[in-house]
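Novice: Handing you this structure, nothing more for now.
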Amino acid sequence: MPGVVFDLDGTLVHSAPDIHAAVNKALAEEGGAPFTLAEITGFIGNGVPVLIQRVLAARGEAPDAHRQAELQGRFMAHYEADPATLTSVYPGAEAAIRHLRAEGWRIGLCTNKPVGASRQILSLFGLLELFDAIIGGDSLPQRKPDPAPLRATAAALNEEVVLYVGDSEVDAATAEAAGLRFALFTEGYRHAPVHELPHHGLFSHHDELQDLLRRLLA
């Protein structure tokens, strides 16, 4: 059977609340004002370095490599210490992946989240064993929307990957750059209207994924 690759944040798990909590914990240590969940959710998608850049820019701070590294380090310390208390798996996601595996599909994960934190979250939810390959935001020099991470995930699966499943503009651009079909989960962290994202199929609940795959492969 061929392979399918998933994004993580906003596609398989609703992780924004824990990311939000870790950012605010890091800022509270220096007396900084907290961000709202909506604000932090809007910063998610391009990996931790860009998340922190956006936090600093929103605070009106000029770009500074030392400041970036310092806040990023404290954010990661908080996030890795408590990555999943407020996180949830989207309804039907685990069942959909287990069904695909039962049919013989190879399953990959391509995310801009650091690979260690990704594995930690998957393990906490009992999902780690379901993935044959995992590429994170620190696995390669490039991050999505560069196609290199998605291509590396496909190569690690050692199967023809027919679909990338994600929720955002970054994911859509990554699939397009890699020359793969893209299935858009509409309930994640995208900013633009659905019609503005290039996609070959879309779904709002993971229960719909098997039928979508059948239609795309017909």
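Here the Cβ of each residue, glycine as well, is placed from N, Cα and C on the backbone.
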Novice: Among Asp146, Asp167, Asp207, which is the one Swiss-Prot gives for the Mg(2+) site where Asp7, Asp9 also bind?
Specialist: Asp167
Novice: Could you say which of the recorded positions Asp7, Asp9, Asp167 has its Cβ with the most other Cβ atoms inside 10 Å?
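Specialist: Of the recorded positions Asp7, Asp9, Asp167, the most buried by Cβ count within 10 Å is Asp7.
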